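Data block below; observations after.
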Amino acid sequence: MSAAGRGSARAALLVAAVLGVALVVVIAVRTPWSLLPTPPGGAAPVSDDAGLPAAVVARAEALAADIRPASLANLLLGLAVSALFGLTRLGSRLVAALGRPVGQRWPLTVLLGTVALVVVGRLATLPISAYGEVVRHRYGLSTRSWPLWLRDVAVSTAIDAGLTALGLLALVALARRAPRTWWAWAAGGAAALVVVGSFLYPVVIEPAFNSFTPLAAGQLRTDLLELAEESGTPVEDVLVADASRRTTALNAYVSGFGSTRRVVLYDTLLSDVPDDEIESIVAHELGHVATDDVLTGTLIGALGAAGAVALLGWLLGWTPLLRRAGADSAGDPRVVPLVMLLVALGTLVSTPVQNLVSRHVEARADLHALDLTDDAAAFEEMQRRLAETNVSDPSPPVPWQWWFGSHPTAAQRIAMAEDWLRLDDR
Ligand SMILES: [Zn+2]
């Protein structure tokens with residue numbers, strides 16, 4: 001590599017390190033590490049069964065025993081396929097072969113190569129996904145017909161392939177125009193995309209899977225609008241999503257900003273969940289709004305994305321790695337399989353960090369729900385109902401929870417409500 005190339009790679013590594021430090025600082029400062037003081041007499045014990053009947057816990061554990069190995073296998077197989085294409089010449093040969101009919105024009109070669117790799121990766125893991133869907137059907141968790149499942153797989157694969165192809169087109173285009181500084185432009189672009197994406201996601205992705213209707217006027221609607229008002233985050237509307245076409249899971253969320261902010265309820269909530277429990281869920285979601293959790297998530301995501309791209313700039317300046325993948329430079333379309341592997345590895349490594357932050361942010365939203373509704377009984381009932389309906393293990397194995405758990409366990413959430421109650425009584 002030339003001296004200038006080495007200088008560029010070193011600059012990329014330096015920028016990645018600076019962004020990494022900034023990321024650690026933002027995470028340290030913005031994460032609510034501790035929420036409640038220890039109540040007099042000590043914290044409530046975390047009961048493994050979360051107060052659920054033994055049969056309910058046994059059913060959840062049986063489902064976990066069926067689904068956890070499949071989830072792990074899915075993850076590992078996806079990585080293995082990425083590694084096969086990214087670390088051998090197989091991927092670069094595939095991309096080059098797809099480029100031949102289009103005269104090796106680089107934009108089309110990148111586009112075809114990316115789409116092919118995304119589709120092959122999806123097909124490889126499809127049997128495991130189908131098995132997972134069979135298990136979810138068996139436990140009554142999924143209500144999707146097989147044609148609808150196939151449509152969902154096709155739509156999400158198409159979205160994935162389209163977005164990945166656009167990202168890689170931008171990366172290769174920048175690397176061809178600015179061989180030494182492309183990573184700096186790409187890092188800025190990635191950060192900007194995270195920001196734009198978090199605003200556009202609810203507008204673009206949500207409607208691709210669900211349709212929404214306003215919740216009919218009545219006591220629940222009035223109560224929820226009042227709750228939002230009281231939380232200091234008024235909403236424009238309460239909508240119902242037709243989630244029951246796919247799932248029996250119970251959920252709600254708040255999306256939009258300012259005057260377009262709305263509460264969305266899954267229609268699965270409306271059939272047999274009491275109003276005070278729906279209010280508890282919505283109060284939790286309003287907690288995310290009250291503490292600007294989307295903003296924090298966006299900031300962390302933007303810093304992480306920019307840092308990861310700078311790191312990518314350093315790695316793609318490393319000749320032995322490029323040679324192994326069968327590519328000449330970051331501007332060579334044959335670099336696509338290697339970039340896809342590196343992105344998959346980055347996502348894998350960032351998962352436990354994201355979930356660590358998420359669990360604390362979720363606990364803070366729980367606390368907001370308890371303060372806003374002043375109803376620990378409804379909160380605890382809702383947690384038990386969520387665990388039972390979603391057939392989720394109230395206390396999964398510690399390593400699993402540490403890596404994959406985006407929320408505190410049901411047992412931990414109930415223990416926090418107990419602490420809150422005892423502090424409230426004081
Ligand atoms: Zn939440």
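Numbers here mean position along the shown chain, with the first residue as 1.
Backbone N, Cα and C define each Cβ position, glycine as well.
TrEMBL does not curate its annotations; it predicts them automatically.
The record from TrEMBL ties His284, His288 to Zn(2+), and of the options Glu206, Glu362, Glu380 it ties Glu362 to that site too. Of all ranges given (45-65, 108-128), TrEMBL attaches the label transmembrane segment to 108-128.
Within the listed segments 12-30, 335-353, TrEMBL records transmembrane segment for the stretch 335-353. Residue counts of the domain 'CAAX prenyl protease 1 N-terminal' (72-210) by helix, strand and coil are 121 helix, 1 strand, 17 coil (DSSP-based).
Proximity of distant same-chain residues to the transmembrane segment (294-315), defined by a Cβ-Cβ separation under 8 Å and at least 6 residues beyond the stretch ends, is recorded for 8-10, 12-13, 15-16, 19-20, 22-23, 26-27, 30, 182-184, 186-188, 190-195, 198, 288, 321, 330, 339, 342-343, 346, 350, 354, 357, 361. Close to the recorded Zn(2+) site, the chain also has Glu285, Gly287, Asp293, Val361, Arg364, Ala365, Asp366, His368, Ala369: residues not among His284, His288, Glu362 whose Cβ is within 8 Å of the site's Cβ mean position. Calculated from their C-alpha atoms, the gap between His284 (Zn(2+) binding site) and Asp366 (active site, proton donor) amounts to 5 Å. Most Cβ neighbours within 10 Å, among the binding-site residues His284, His288: His284 holds that distinction in the structure as shown. Geometry remark: Asp366 (active site, proton donor) versus His288 (Zn(2+) binding site), CA distance 9 Å.
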